[in-house]
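Novice: There's a structure below that I have some questions on.
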């Protein structure tokens, strides 16, 4: 066989092995560690009667609608956003499903060990909030997927997700619990971490001879991608409010996100139109940069950011993100050797960092006049050992949290990138990236549809 | 340059200018006027403790799931419904996003000045209900977009939306507050107004030499449009119940809409099949007329319309709307010089008027026997200065409301149409309407996908 | 006319007649029988004040978000899942809408007569739970549609739905009320019944000379089908928890389903990759088998199945379902003469039966140690005449329920299959199955899009 291709992309042993073994491991670990929490356990109802509490006060009714919106963002939002490539839609939406389905199980365990381990029996107790947090954790890995879309094998994606979820759980614990930063919508914890994790991996896997013929869209694939864009755009208010505290916290987070995203759309369109010769819009900008405002308002979503504050954040992010697509992405590829298929640096990294900074400033500027004494306590959780914390201090802690997210993203990405460079994972050769053909049974072309003209005529005759 | 085209479609200055300046204006106006309302303000939780009210009684939990459904209707529903054109899917879904994102901000201001201005501090207080109302207001402008789809520039759409939202806020105030008509699902306020607004504009912008080669669908664009249809169809019960009063009001509005839409599907299919030679169905009817029942049941949705009443409304609207597509749309184009790309006259105008009439009749026929004394008060809001109103009087007021919606739609549309006829907006020439090429960077054709047969063979050999 | 086709597919009389007459019958029956229930009636609010109950305790707020998710599954989920065929997407999504819209009305009546007939006035009282149950009932008919997709006429589908809903209501009454089996997510009542109903009909309508040229996908139709897959996958937790009891019941059902589905994805990918030469994945498996875990966890969803139990169920079903597509579907066609277009035997029949068995085992194994005395009562509804029932007995009743579902499915399917073999329904000839051309006005091909190059050049010149 005189075939010149050096790479073996056959994953017939590695992919099933990884899926089977890891899923079996999940079952065993779940058996040892995971149980229903008080609100999903059968004893809740009984206990309810004793204290005359209404069934509607189960956390399920506070959070389940938001959970489902987040769930749609993870699977349809991220999945379809990446279908824009002309011949990688199966990989976009299919591998997205695969790694999210694995990631959420592993996230329930990792986050559980750090956050919801019951000291009484050593078990992790899960409920609707755990499901939201697992989805959040998975989001960071799907963001990272965006940087390497079309260039890695499904086995590499599973490895990326395994390590990504692990790193996420640790940085989340450090940022939220040890540093005591607040991050309702995860600008730092999810977006900054996830984006730099993916970019660092992409840097480690740099392909100088990448063939870009398939790295582009066709008309219909761009419309498919808009399904992803719109579900992300519409449900982002649910994302940023999903784990805020009950009542006005969730309410305010939703309003702030709704407004920020609206402003982003207008500035994205403005910059996109300005950047083209005849003022034409570029679908890449509309598909991605319109979402930057949701990322950037994440940390401060439940703070008293004020409606105009949300608009300002959205205004700036639309500009920065679109300019990033025009100038920064080509620059990064050429000079920094970072190939970023979906432009996650513009959609998640920069807006995530901005979100962290906005959160730090808003926290530092929080005053008793605006929040009230009790409000400060609730919003910033100044309780327990943090009882005497001041808003200005909180601002510093927010900034520290941002640094941790950056370090974990970059450091973790370089480490995992080293692992992924091993020649055992079945990744694509440079001249067959962005091609579903390698990992999917692709149906034949549309031209194979036979013309059935004669029969149609027959029907017309009948009808007469 | 001997190019024969007289029109300049370059929007590179006007579009960014409009987006930037208007968004900046929004930020300034929001800074002056818009604040969180009591239920999204940080003091709510504290106040809550004082009066021992549960967190779950925040209006957020009553309305947020419905808000998200409405949000999906606005962005995915309307956006994808209009992707049916073979080469205008970018414009459909992209401009829909643009004008909705601008419109909702302007609507929060306009509606706020009329409805939620706090007399204490002169600020507009917003919450989840304001977001729903802003989305509703935007819906009327998106309906109007349907009439001119493919024939106007994005700048014209922004102007249409600016005026449309303004007119909407005024007519809504007149109909709901001054005339005291009820209109839960907006048959009059949203659909009748929006449709006649769009039709009048289209009449003002009549193009006698319109090239219709691109005014049609291809197979896949019809499937994309069904995404829009279905999300509108499924979530319409949420639309009509989103701002009904808590409890049985929302419950009943959802049931009535659910039933009306079901009946509409059957009569739409019946008429569509009857109208074709061999009993074949027409996708245009299925995509649009199946929704007419949701429009027509809007005003009466929270009334005691009775399940069979809802079915009757849906039954009639499916017939009328489909007949409209078959006979009225071509008639209007030929004799009235109204070019209605999406057929909004059949989907929104006629069903909207029917909805207003149904509302008037149902209100006039309301009796204490069915509603109870308290029920009449609640459903028709017979409080304050309207305390002694009778159902029959209410019927008259409903009819008056319908007339106001019609007048504002037609009058406003003619006015705005005059503005849009100015030769400065960059609209398309007659022979290049319905073409994304003018305002979008369109990717190359599918044929450019290179065949990668040799490599595939290589893989097959490996696999052996 | 020397046309060789013997079959007349003209439905111009039969389809409109069926739609009109049946819809009229619905209106009349609704007029006689259907009224709002207490929670959607206008008197609820008044009554509320008397007993100082909060508005939020209306069942609407417990179930409406789940209802909307189920609604999306029925119309977008099932509808788009079936768009995978290259030339039957209109029929998939359009006929799905038609029969669901009719089926839900008939289901409200049939289920109402059995379950919610008010003995005081002889009326059926409907609310949000009735709407969910009607959607559930329709689901069984849409499953059946999957077996005969592309091979029957819309009139046959209407007949199938009429009888399907009727049979469903009876078997549901026998299984849930007479036998007192529990079936929250309908593994037996919906999936087992629906799948065997469809398979039996397909067996009765066996076509030995079926032309399969159009029985396959193209690239974009596979992506469309993934929309259906994902909305089913994401919202299945809502499906299985939609009519569970309030509080921990709904909460637990959602968690169990979420986990089961995640595990299914990994084993589906594993088996799919193993089954192909180079480890490539097959879209058919990803589109369908990834959902099997949701089916199989249906009956036991609200039981204390434990998180690891859910994972085990999902693990097994991914394997069995994918193996079914590889080995069983071709076997059934060749030797049992059952042509199953969508492979519902692998997605609904086998997982449904497994779900019934899992439910029986979990019920029989239920102990007071895990559930508590009150918990057993609530979860298994050991009240009234079933007060002294033991979990082991309940296990037997569950098994009995499964048998009833099987019998009704197979028996009913054979019966209805006989009716559908009458040569009056306008079904397709063997060589024109899977073709929208027969029942739809199909737009011309994409090639008809005219190239508009000259104008584009004009714009570029302008822009300079």
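Note that Cβ sites are derived from N, Cα and C of the backbone, with glycine treated the same way.
What TrEMBL lists as domain 'Ammonium transporter AmtB-like' is C:57-424. Positions annotated as transmembrane segment by TrEMBL: C:13-34, C:70-88, C:94-114, C:155-176, C:188-206, C:218-236, C:257-275, C:308-328, C:349-367, C:399-420.
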Novice: Count, for each of C:13-34, C:70-88, C:94-114, C:399-420, the Cβ pairs lying under 8 Å from the transmembrane segment (C:188-206), and report the range with the highest count.
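Specialist: Going through each listed stretch, the top one turns out to be C:399-420.
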Novice: Can you tell me which of C:13-34, C:70-88, C:155-176 gets the most C-beta pairs within less than 8 Å of the transmembrane segment (C:94-114)?
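Specialist: Counting Cβ pairs under 8 Å, the winner is C:155-176.
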Novice: Spell out yes or no: are there three or more C-beta pairs under 8 angstroms between the transmembrane segment (C:155-176) and the transmembrane segment (C:13-34), with each pair 6 or more apart in sequence?
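Specialist: These two segments touch.
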Novice: Same chain only, please: residues at least 6 beyond the ends of the transmembrane segment (C:13-34) with a C-beta under 8 Å from a C-beta of the stretch. Say none if there are none.
Specialist: 102, 105-106, 108-109, 112-113, 122-124, 126, 153-155, 158, 162, 424-426
Novice: Could you tell me what the rest of the chain brings near the transmembrane segment (C:349-367), counting residues at least six beyond its ends with Cβ under 8 Å?
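Specialist: Counting only partners 6 or more residues beyond its ends, the transmembrane segment (C:349-367) has Cβ contacts under 8 Å with 181-183, 185, 187-188, 190-193, 195-196, 199, 292-293, 295-300, 303-305, 309, 313, 316-317, 320-321, 324, 376, 379-380, 391-392, 394-399, 401-402, 405-406.
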Novice: Mean pLDDT over the domain 'Ammonium transporter AmtB-like' (C:57-424): what is the value?
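Specialist: Result for the domain 'Ammonium transporter AmtB-like' (C:57-424): average pLDDT 96.
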